[in-house]
Amino acid sequence: MNFKSVVLCILDGWGNGIGDSKYNAISNANPPCWQYISSNYPRCSLSACGTDVGLPDGQIGNSEVGHMNICSGRVVMQSLQRIDREIKTIENNKNLRSFISDLKDKNGVCHIMGLVSDGGVHSHQKHISTLANKISQHEIKVVIHAFLDGRDTLPNSGKKCVQEFEENIKGNDIRIATVSGRYYAMDRDNRWERTIETYEAIAFARATCHNNVMSLIDNNYQNNITDEFIRPTVIGDYKGIELKDGVLLANFRADRMIQLASILLGKTGYTEVAKFSSILSMMKYKEDLQIPCLFPPAFFTNTLGEIIADNKLRQLRIAETEKYAHVTFFFNCGKEEPFSNEERILIPSPKVETYDLQPEMSAFELTEKLVGKIRSQEFTLIVANYANPDMVGHTGNMEAAKKAVLAVDDCLAKVLNTVKEINDAVLIVTADHGNVECMFDEKNNTPHTAHTLNKVPFIIYPNSCNNLKLKDGRLSDIAPTILQLLGIKKPDEMTGSSLIV
């Protein structure tokens, strides 16, 4: 096979759900283009969670994991799995020893901030409690700045997570000093006012004060405020960060920590910056932040983007703000700089409080740009991400999710019709994980806002090869399939297999 171009459309959070479920936003929306391509073009299903994507067995997938597996053509051991394995001997880590030594010398307090959640997408609470306990054993006072989840977990699971966390730190000089919903603490869409609200609570204890974490959470629940949206709050007599203190950023996923880390380091326009002695992060967040980390990044060679570049071919990555990092940084397996002949287009996400208020997000603007680029026939590989199914799925709003599905479906029809105009072009429609196909948790009688364990679709429209047969596989099989379609030899590093039978 020697097609001239491949358009890879990643419908973020669009999984294979139960077709007749009243909680499946896809089937309930009756998207016409989707129904047509599902019935008329070659299709298979891909595993997007657990050990098939380098996560612990039974762990939900996510966008970072999904995009890395898609581009690398191999199962990538993920941060959660790696840290689970290595944190048992973390006291031998050179950067941690240096961090502890500095705190001891200055008699400083260790400020650990991160998502206290068992979701395993951005962090894991057991990693945070392990670090806190190990540092506390050096007779260092530890305070926790707890971010609450409710997005990769059930909306009201924060209380249980905090209870378990406090049980695990009991007996050491460790306490929770501030609490903040991730909506504020972990913004990645340049809503700096949210990040600043969290920062001011952490740095200066400038926020509403509450005496007890559990009663704070209960009060919010009673007012129908779920974990994600709890406003930054100071607990007890916490006074803020001092010059002698150290800061440890405990989330292992980078994209939702960059804004907070940037303010902490004075790398934004925000001028009131608290001084501290040392800083450490769980993983590398961003090159220009220059924060020492506990777990340096793994390096990958012969990823899909690299192979396209090495063959002197052009490629395009396009997404709106919420998923831009996924089609660039994560799709390049942690490489920030574009490859040679790699063009990137960022479409701003709408400035709304939550995306159920504008479920179409910026999909139509993205599609207008995408269609023009397909018609230009400049690119051998185009990677596009539609954020709507995931971002609106996370709100738990079924009606909005159906609107998001229909908006993406309308865009997909435009993309398909454009690809049909081009000779020797292929359209692949797939997803990185599930979400929008399950909008309610009957067991817990609550909206389902997290990702799912469902497989994801893989549909291919080849302009001149309608008898193509596909086999089921996993996300790491996508890159080898694309290379086969382009007539490019798969490198040895890609252990995935082409889905084409």
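Keep in mind that glycine also has a Cβ here, set from the backbone N, Cα and C atoms.
Database features (Swiss-Prot):
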| type | residues | note |
| --- | --- | --- |
| ACT_SITE | Ser63 | active site, phosphoserine intermediate |
| BINDING | Asp12, Ser63, Asp432, His433 | Mn(2+) 2 binding site |
| BINDING | His122, Arg151, Asp152, Arg182, Arg188, Arg253, Ala254, Asp255, Arg256, Lys323 | substrate binding site |
| BINDING | Asp390, His394, His451 | Mn(2+) 1 binding site |
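Distance noted between the C-alpha atoms of His122 (substrate binding site) and His433 (Mn(2+) 2 binding site) is 15 Å. The shortest Cα-Cα distance between Asp432 (Mn(2+) 2 binding site) and any of the binding-site residues Asp152, Ala254, Asp390, His394 is the one to Asp390. Asp432 (Mn(2+) 2 binding site): 32 other CB atoms within 10 A of its CB, across all protein chains. Neighbours of His433 (Mn(2+) 2 binding site) among the binding-site residues Arg188, Arg256, Asp390, His394, defined as a Cα within 10 Å of its Cα, are Asp390.
Neighbour counts were taken as the number of other C-beta atoms within 10 angstroms of each residue's C-beta; across the binding-site residues Arg188, Arg256, His394, His433, His451, the minimum falls on Arg188. In this structure, the C-alpha atom of Asp390 (Mn(2+) 1 binding site) lies 9 angstrom from that of the residue listed as 'active site, phosphoserine intermediate'.
Look at Arg256 (substrate binding site): DSSP puts it in coil.
Within 8 Å of the Cβ centroid of the Mn(2+) 1 site, not counting the listed residues Asp390, His394, His451, the chain contributes Asp12, Gly13, Asn62, Ser63, Arg151, Asp152, Pro389, Met391, Gly393, His433, Asn435, Val436, Thr449, Ala450. Cα separation, Asp12 (Mn(2+) 2 binding site) to Ser63 (active site, phosphoserine intermediate), rounded: 7 Å. Within 10 Å of the Cα of His394 (Mn(2+) 1 binding site), the following recorded positions from the list Ser63, Asp152, Arg188, Ala254, Arg256 place their own Cα: Asp152.
Comparing the binding-site residues Asp12, Asp152, Asp390 on other C-beta atoms within 10 angstroms of each C-beta gives the minimum for Asp152.
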